Amino acid sequence: MTKFIFVTGGVVSSLGKGITAASLGRLLKDRGLKVTIQKFDPYLNVDPGTMSPYQHGEVFVTDDGAETDLDLGHYERFIDINLNKYSNVTAGKVYSHVLKKERRGDYLGGTVQVIPHITNEIKERLLLAGESTNADVVITEIGGTTGDIESLPFLEAIRQIRSDLGRENVMYVHCTLLPYIKAAGEMKTKPTQHSVKELRGLGIQPDLIVVRTEYEMTQDLKDKIALFCDIKKESVIECRDADSLYEIPLQLSKQNMDDIVIQRLQLNAKYETQLDEWKHLLNTVNNLDGKITIGLVGKYVSLQDAYLSVVESLKHAGYPFKKDVVVKWIDSSEVNDDNVEAYLSDVDGILVPGGFGFRASEGKIAAIRYARENNIPFFGICLGMQLATVEFARHVLGYEGAHSAELDPSTPYPIIDLLPEQKDIEDLGGTLRLGLYPCHIKEGTLAEKIYNKNDIEERHRHRYEFNNEFREQLESNGMVFSGTSPDGRLVEIIEIPKNDFFIACQFHPEFLSRPNRPQPIFKSFVEAALNYQQK
């Protein structure tokens, strides 16, 4: 039977519940268990797809096309698994589904209430995460902080699930903060005690407490927390601030967290703790020699979480070369043809990531032109690819006013446009090309050299496509369309062979990068930047 672990947080937000959950998932996976992981978000948006990146950070896309919380990116990268649409459940999605059922008459005229209707819907989605993956263990992070009014239906649902499935199949992990009071020169357990008291007031007794702390905890502090929170002493786990996130699984393993969980849930682990690969990764991260600077030209750079997976993928790509990839954040709204050199003359490579909307697009086009004309390694993603074709049409073909129909509907040269079947759809939600799609790579191209194969699958999140009416003109002037959909209709990868490294893709390769297995285009881009630096 599938076992369920719930990770809650108390005292303050941003404690690292997601990293704790992901680290535990990694430890259990390395013991030979099949793990999946899930995030409950208490906000009322159906999904983050139409939320501002300034509010929410990046939207992480799963293989099956779900637009989800950026924490799912951490989960996938840490545990090295591919998640699905059941891995992100929002209050908006739950309420929306219940209200649709009510309108259809599924409740036979009954009064629809938070208990049992909302809580039952939450429990159903919890069970689907396990059923859809055939997992041994489902780890579920509850967003927000214990005591938040928005989280109450989720906490009630996970309280009920213990009675539904049996105590031996459910475990509660609570993350808290141990603040250091400088004036007193000591750490205080009282916030943790009150947080657990709040949780117990909701009917949930933690089995394990993970304490976020700046300094090493004494045994006396652990004993005190165990006494007042009614748990075993060994179930108080210290999670100290670390220079690298990759240290956290090792910290938790050293305190036997995986053994405690396996014993408590009576799991059948196939192996003893195996962390050699993880230790090798951490050793690499801690011993990087030199740096590579990548200029990231985007419109949301004031909130760097908007490009979280891109930055992580760049970091991963530096590890095989023992290099620290440093991102120079460049606000594309401030860039133009006159000042672009001042922004980009000191970088080793230029990356233009995805985005939506007209604002700041001209700055991105200026950066792309600078990369192309000065033979600086360039990598464009999604909108970055679309604008690379626009820049080429304007400055190589001389198509003045060329643009994307998304950004300038009146352009005389719509290099990027909607597919014909999309033109009558008005709602923004649910109209994107989302999820994993196949791509065929042309022989003898840079893309083939990068992937070392001709058929790949990558995740997408876009609405507009390259307009094939202009394909022949761009090709005859030196642009190569090296990757397309299998039927040849949709452009997926473009490159300019005249340059040492100029490639852009319609898909989002950052969603499939792993710390120990960098995504191929990112790895090749960083290698090209290193070669450029050494010229």
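Quick reminder: no glycine exception, Cβ is built from N, Cα and C everywhere.
Together with Y54, G355, L383, G384, M385, Q386, E406, Swiss-Prot lists one candidate of R459, R461, R463, R471 for binding L-glutamine, that being R463.
Of the listed candidates (D69, D71, D289), Swiss-Prot assigns D71 to the same ATP site as S14, L15, G16, K17, G18, I19, R240, D241, A242. For the CTP site, Swiss-Prot gives D148, I149, E150, K188, T189, K190, P191, T192, Q193, K224; the one candidate out of S13, S23, S361, S404 that the record lists there too is S13. Counting in whole angstrom, T192 (CTP binding site) lies 18 from E141 (Mg(2+) binding site) by their C-alpha atoms. Summarised as a single figure, the pLDDT of the domain 'Glutamine amidotransferase type-1' (293-535) averages 93. K224 (CTP binding site) falls within a helical segment according to DSSP. Cβ-based neighbour count (10 Å, all protein chains) for D71 (Mg(2+) binding site) stands at 23. Other Cβ atoms within 10 Å of the Cβ of K224 (CTP binding site) number 18 in total over all chains. For the pair formed by K190 (CTP binding site) and E141 (Mg(2+) binding site), distance between Cα atoms is given as 24 Å, rounded to the nearest Å.
Each residue contributes its Cα atom, and for I149 (CTP binding site) and D71 (Mg(2+) binding site) these two points are 22 Å apart. Nearest by CA distance to E141 (Mg(2+) binding site), out of the binding-site residues S13, K188, K224, is S13.
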